[in-house]
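In what follows, a single structure is set out as structure tokens and then discussed.
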Amino acid sequence: MENRNNVTEFILLGLSKNKKVQILCFLFFLLCYLAIWLGNLIIMTSITCSQLINQPMYFFLNYLALSDLLYTSTVTPKLMTDLLTEKKVISYKNCMTQLFTTHFFGGVEVFIITGMAYDRYVAICKPLHYAILMNRQRCNSILRASCAGGFLHSLGLFLLTIFLPFCGPNEIDHYFCDVYPLLKLACIDTHKIGFLVLANSGLMGLVIFVVLMASYFMILYNVRAYSAENRHKALSTCSSHITVVILVFAPVIFVLFTRFYTIIVPMLNPLIDTFRNTEMKNAIRKVWSKPQLPVL
């Protein structure tokens, strides 16, 4: 593999060559990254240190927060470092590692969101069987399936890229290593490989989108018979999840947003999951509020 490559490192062109813009971007992404860690750590601690961890929805939310942290950490630290350096270089091996881990954790995150949609479907459409259908063993199986799905998705893209010959130039028009910018640098015709990459990501996205739409169609169909109050209560449990789904799939439609997807979405997820969920806010108060001293 290395014999076919004249390239041992890549130069990331980044977001801008203007030094002032780079400093502003560094400060912005630093604040975002700190917010991601703070928000997701608060969620994870609040769930694991309370009874919410026993509920399937919060079980998945806990691991969604973890995948958010890991996903953004594959890109953001390197991005912030490059914003402060003149030469933005990444070695060939580190580039391939970043490509694999980014798509792995991103895939895990999307599959967990799909598992959460199934959880909401069972909770609303089959409430009498919810405890049986969504027991801890089933939740662990969904989590393992999410990891396996993310691994297969990432492995497919990794194998399509790792065997490409790179003869130069070595400048990547992006701020991290991704498949399509690397295809442009390969020494061979990559149209067929590009189609396979599109099929990999497109098929996964299509299947997940269909599953999500089917889940919410069944939910909306079943809540028709509910009273107005019960209907509002049932749908309110889905509101934060629907918002996260929109955030995840919107970049597919608005491609330019994907330049900041690895940073913005993990930052917004904990805010949405927290401030639109009463049980989550109560758990945070219990875990993080100082116990009052008894009055003598």
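Using N, Cα and C of the backbone, Cβ positions are placed for all residues, glycine too.
TrEMBL: automatically predicted annotations, no manual curation.
Noted in TrEMBL for the protein shown:
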- 21-43: transmembrane segment (TRANSMEM)
- 39-257: domain 'G-protein coupled receptors family 1 profile' (DOMAIN)
- 142-166: transmembrane segment (TRANSMEM)
- 193-221: transmembrane segment (TRANSMEM)
- 242-264: transmembrane segment (TRANSMEM)
Folded-back contacts onto the transmembrane segment (193-221), same chain, C-beta under 8 angstroms, at least six residues removed: 107, 110-111, 113-114, 117-118, 120-121, 124-125, 149, 153, 156-157, 160, 164, 179-180, 183, 186, 234-235, 238, 242, 245, 249, 252
PLDDT averaged over every residue in the domain 'G-protein coupled receptors family 1 profile' (39-257): 86
